[in-house]
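According to Swiss-Prot, the protein has these features:
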TOPO_DOM  1-31  topological domain 'Cytoplasmic'
TRANSMEM  32-49  transmembrane segment
TOPO_DOM  50-342  topological domain 'Lumenal'
REGION    56-75  region 'Disordered'
BINDING   Lys100, Gly101, Gly102, Thr103, Arg104, Arg181, Ser189, Lys305, Gly306, Arg307, Pro308, His309  3'-phosphoadenylyl sulfate binding site
BINDING   Glu122, Pro123, His124, Phe125, Phe126, Asp127, Arg128, Lys153, Thr154, Pro155, Ser156, Trp220, Ser221  substrate binding site
CARBOHYD  Asn281  N-linked glycosylation site
DISULFID  Cys288-Cys300  disulfide bond
Amino acid sequence: MAGSGGLGGGAGDLQGAGTGQGTALRALRAPLALVVLLLSAYCLFALPGRCPPAARAPAPVPAPAEPPHTSLRLRAPGLPVASGPGRRRFPQALIVGVKKGGTRALLEFLRLHPDVRALGSEPHFFDRCYDRGLAWYRGLMPRTLDGQITMEKTPSYFVTQEAPRRIHGMSPDTKLIVVVRNPVTRAISDYAQTLSKTPGLPSFRALAFRHGLGPVDTAWSAVRIGLYAQHLDNWLRYFPLSHFLFVSGERLVSDPAGEVGRVQDFLGLKRVVTDKHFYFNATKGFPCLKKAQGSGRPRCLGKSKGRPHPRVPEAVVQRLQAFYRPFNRKFYQMTGQDFGWD
């Protein structure tokens with residue numbers, strides 16, 4: 001009987017313990033669910049490098065019978081323009097770089113041209129979303145008529161190792177536009193953008209030099225992007241130099257019509273976008289587009305364009321200029337252009 005009583009007491013203890021554990025688990029369930037919800041939201045919205053949601057892309061279109069790439073030349077004068085909404089095509093031209101070089105400005109200026117149709121957002125297909133496939137990528141593109149050029153811009157392509165090979169696989173005839181800027185001012189602008197989104201960031205100097213005092217830290221992306229010659233070496237393994245146009249980010253500000261004119265020539269377009277389309281906004285220190293007929297006001301780029309840069313000590317600037325000088329000179333030799341950064 002004593003044994004029976006002992007077993008009975010043990011069962012009671014287990015039942016009580018089970019009840020206590022169930023209560024504790026129920027008490028933990030709500031905060032655990034909240035943690036999971038918050039982590040899911042963070043992964044969805046905060047983590048970098050995400051592809052555009054597939055649901056936002058139009059349904060993939062079947063491959064056309066003819067080659068997807070049309071000539072960059074304009075249609076002959078007098079020929080009728082194809083009627084209807086047109087077709088989605090792979091881009092014949094890409095703005096592949098560089099970040100904080102002036103790529104958004106160039107794209108907006110080119111969109112004034114009636115024979116240019118450009119995707120407004122950056123699809124990041126050849127760096128982040130390649131596994132979604134070419135049909136998905138083409139489905140993102142705006143519809144174009146025969147004789148119009150499809151374009152997109154994603155500045156990170158220029159510094160992505162796999163991008164040249166992937167773009168060449170899409171079409172070896174792709175025209176490539178690279179907007180470059182003094183790598184020192186580009187790095188400071190890059191830092192300013194990051195600082196605006198991440199208050200409390202270490203100083204520019206602390207990030208640019210190892211331990212703030214040592215050699216230049218090329219592991220920091222703001223520094224590494226400016227090694228233009230190294231990145232171009234990778235691209236020239238797949239495309240000849242004749243497929244590139246290098247646009248000066250500085251001249252895009254001081255002479256937008258001149259630089260956009262060079263781009264129109266490169267694409268085989270008539271020079272439709274000219275100096276009559278621009279005016280200089282002294283407040284922003286940046287060119288803006290004059291208002292179109294029927295429009296209430298001129299168009300300037302977003303408020304982030306022309307944001308003031310943080311003050312960087314002159315000694316830091318000089319050290320970076322000295323670091324970039326040999327890379328700049330090699331880039332001048334490779335492109336046949338002197339951008340005047342030294």
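Yeah, the Cβs are placed from backbone N, Cα and C, and that goes for glycine too.
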Which recorded positions sit within 10 Å of the residue listed as 'N-linked glycosylation site' - Cα, from His124, Ser221, Cys300: Cys300
Among Thr154, Ser156, Ser189, Asn281 [recorded positions], residue with fewest other Cβ within 10 Å: Asn281
Substrate site span - longest C-alpha distance across Glu122, Pro123, His124, Phe125, Phe126, Asp127, Arg128, Lys153, Thr154, Pro155, Ser156, Trp220, Ser221, in Å: 24
Sparsest-packed of the listed binding-site residues (Gly102, Pro308) - C-beta count within 10 angstroms: Pro308
Packing count at Arg128 (substrate binding site) (other Cβ atoms within 10 Å of its Cβ): 18
Sequence-distant neighbours of Cys300 (disulfide bond) in its chain (C-beta under 8 A, six or more apart): Asn281, Lys284, Phe286, Cys288, Leu289
Closest of Gly102, Ser189, Pro308 to Thr154 (substrate binding site), Cα positions, binding-site residues only: Gly102
Glu122 (substrate binding site), number of other Cβ atoms within 10 Å: 19
C-beta crowding around Phe126 (substrate binding site), within 10 angstroms: 23
Surrounding CB atoms that lie within 10 Å of the CB of Arg104 (3'-phosphoadenylyl sulfate binding site), all protein chains: 19
Proximal residue to Ser156 (substrate binding site) among binding-site residues Lys100, Gly102, Pro308 (C-alpha distance): Lys100
Three-state secondary structure, the residue listed as 'N-linked glycosylation site' (per DSSP): strand
